[in-house]
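A.B. asks: Let me begin by handing over the structure; questions about it come next.
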Amino acid sequence: MEPQILFLYLSLFILSLNFFFTNLKPRLVRLFQPSLESRVKTALLSRKEVAAFLDSPIVEDEEGEEREEEEEGGIVSNANFTFEFDPYMMSKAESVNKALEEAIPVGEPLKIHEAMRYAILAAGKRVRPILCLASCELVGGQENAAMPAACAVEMIHTMSLIKDDLPCMDNDDLRRGKPTTHKVYGEGVAILSGGALLSLAFEHMTTAEISSERMVWAVRELARSIGTRGLVAGQAMDISSEGLDLNEVGLEHLEFIHVHKTAVLLETAAVLGAIIGGGSDEEIESVRKFARCIGLLFQVVDDILDETKSSEELGKTAGKDQLAGKLTYPKLIGLEKSKEFVKRLTKDARQHLQGFSSEKVAPLVALTTFIANRNK
C-alpha cells in the first residue's frame, strides 16, 4: 500500500474515532449495545471456565507457592540468576518519560500542547509502554526499536483517560493525583488534546526502524485495539450497563467490558513489542495470550482497589464505580472471589510464558506480580 494512501486511511479513521468517542452517550450506545451483547461469548474465559471457577476454590500447586516466595519483594530468582524488578521498572519508566517528553510538541497551539503534556507527563505507572519494551526484548529485540510504539500506546492510553474523565462519560475530577485535564483546561481543549494524542500516536509509531511489512502489521494491531473491536466497544458496553440489575447480567458480560476497555491495550502493547522485536507467529501468539491475562488481571485488581482504598491512596476518585452503578467484579462475585480470581489469572499468565527462557521472561513474570500486588 502506498504511504500516502495509508496516511489518508489513518487520518479518516482518527477523525471518525475522535467523533465517536465524544458523541458516544447516550444515543449511539443504545444502537451499539445489541451487536456488542452478541459478541460477549468471544471474551477471554468461556462460560464453562467461569462457572468452574465460581464453583471451586483456587488451589495453588506447590510450584506456584514456591514461585510466589521467590518473587517476594520484587525479586525473581532461581539457581542461575537474580532479577530485581524495582530498578528495572524505574529505569524503563525513566526511558519512557524521556521519550514522551521529546515526542510531545511545545509550540503553537500552546493550549493544546500544554494540555497534552499535562495529561501524559503526569506521574503514571507506565505499565503499558514497559510491557511493550519487555515483550520486544523477550523475543530478541532492542529497547530503542520498540520505544516509538511504547510511546504510541501510552499516548492512546492517555487519550482514553482524558475521554473517560469527561462529564459525558465517567465525569471524574481526579486522575494520577491531579485534577483531570478538562477541569484544568476545559472540555473543549481536553477533547482536542485527546484527538491530537491519538493522531500523534500513529505518526510517532511510524518512526520505528522496522520493515514495512511489520510496520503495517503493527499499525493494524494498534488501530484495531482502539475501535469497535477494542476500547470503543468496552466503553460503549460499560456506559450502557450502568445501573443494570445484577440478575440481568452475567460474568461474561462484565468480562467483555474489561477485555475490551482495559485488557485490549495491554495486550496490544505486548503484541506490538513482539512484532517489532522480530518475534515468530508462535512467540507473538504466546505473548498475546499472556498479555490478555494480565490485562484482565489489571482490571480485577482495579475493581478491588476501587472498593478498598481511599482517593488519597489511589490518586483518583475512589468508590466512583459503585456510585455510578457500574458493574465490577466485587459487585458481581464478591470481594473474596475477586481476590481468588486474581490468583487464577496470575497463574494462567505465567503458564503462557513457559516456552521462553527463565532469564528473558523474568521481567514479564515480575510485572505480572507487580500488577497483581499493586496498591494504587
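Positions of Cβ are set from backbone N, Cα and C atoms, glycine also.
Annotation comment: Swiss-Prot describes 1-24 as signal peptide. Look at Swiss-Prot and you will find Lys125, Arg128, His157, Arg176 tagged as isopentenyl diphosphate binding site. Here Swiss-Prot flags Asp164, Asp170 as Mg(2+) 1 binding site, drawing on similarity to another entry. The dimethylallyl diphosphate binding site feature in Swiss-Prot is assigned to Arg175, Lys261, Thr262, Gln299, Lys316, Lys326.
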A.B. asks: If H, G and I count as helix, E and B as strand, and all else as coil, what does DSSP give for Arg175 (dimethylallyl diphosphate binding site)?
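C.D. replies: Its secondary structure by DSSP: strand.
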A.B. asks: With a radius of 8 angstroms around the mean position of the C-beta atoms of Lys125, Arg128, His157, Arg176, what other residues of the same chain does the isopentenyl diphosphate site pick up?
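C.D. replies: Going along the sequence, the neighbours come out as Gly124, Arg126, Val127, Glu154, Thr158, Leu161.
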A.B. asks: DSSP secondary structure for Thr262 (dimethylallyl diphosphate binding site), reduced to helix/strand/coil, please.
C.D. replies: helix
A.B. asks: From the Cα of Asp164 (Mg(2+) 1 binding site) across to the Cα of Arg128 (isopentenyl diphosphate binding site), what is the distance in angstrom?
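C.D. replies: Per the Cα atoms, Arg128 (isopentenyl diphosphate binding site) and Asp164 (Mg(2+) 1 binding site) stand 18 Å apart.
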A.B. asks: Tell me which of the binding-site residues Lys125, His157, Asp164, Arg176 ends up closest to Lys326 (dimethylallyl diphosphate binding site) in space, Cα to Cα.
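C.D. replies: Ranked by Cα distance from Lys326 (dimethylallyl diphosphate binding site), first place goes to Asp164.
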A.B. asks: Between Lys261 (dimethylallyl diphosphate binding site) and His157 (isopentenyl diphosphate binding site), find the distance joining the two CA atoms and give it rounded to the nearest Å.
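C.D. replies: On Cα coordinates alone, these residues lie 10 Å apart.
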A.B. asks: How many Å separate the Cα atoms of Asp170 (Mg(2+) 1 binding site) and His157 (isopentenyl diphosphate binding site)?
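C.D. replies: His157 (isopentenyl diphosphate binding site) has its Cα 15 Å from the Cα of Asp170 (Mg(2+) 1 binding site).
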A.B. asks: Lys125 (isopentenyl diphosphate binding site) has how many other Cβ neighbours within 10 Å of its own Cβ?
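C.D. replies: Here the count is 14.
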A.B. asks: Within 10 Å of the Cβ of His157 (isopentenyl diphosphate binding site), how many other Cβ atoms can be counted across all chains shown?
C.D. replies: 23
A.B. asks: How many whole Å apart are the CA atoms of Asp164 (Mg(2+) 1 binding site) and Gln299 (dimethylallyl diphosphate binding site)?
C.D. replies: 15
A.B. asks: Using the residues the record lists for isopentenyl diphosphate (Lys125, Arg128, His157, Arg176), what whole-number Å value is the largest Cα to Cα distance?
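C.D. replies: Answer in Å: the longest Cα-Cα distance is 15.
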A.B. asks: Counting distance between Cα atoms, which of the binding-site residues Arg175, Thr262, Gln299 is nearest Lys125 (isopentenyl diphosphate binding site)?
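C.D. replies: Minimum Cα distance from Lys125 (isopentenyl diphosphate binding site) across Arg175, Thr262, Gln299 lands on Arg175.
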A.B. asks: Test of understanding: give the count of other CB atoms lying within 10 angstroms of the CB of Arg176 (isopentenyl diphosphate binding site).
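C.D. replies: Within a 10 Å radius of the Cβ of Arg176 (isopentenyl diphosphate binding site) lie 19 other Cβ atoms.
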A.B. asks: Please name which of the binding-site residues listed here, Arg175, Thr262, Gln299, is nearest in space to His157 (isopentenyl diphosphate binding site), Cα against Cα.
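C.D. replies: Its closest listed neighbour, by Cα, is Thr262.
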A.B. asks: Name the residues of the same chain, 6+ apart in sequence, whose Cβ is under 8 Å from the Cβ of Thr262 (dimethylallyl diphosphate binding site)?
C.D. replies: Gly234, Gly295, Leu296, Phe298, Gln299, Asp302
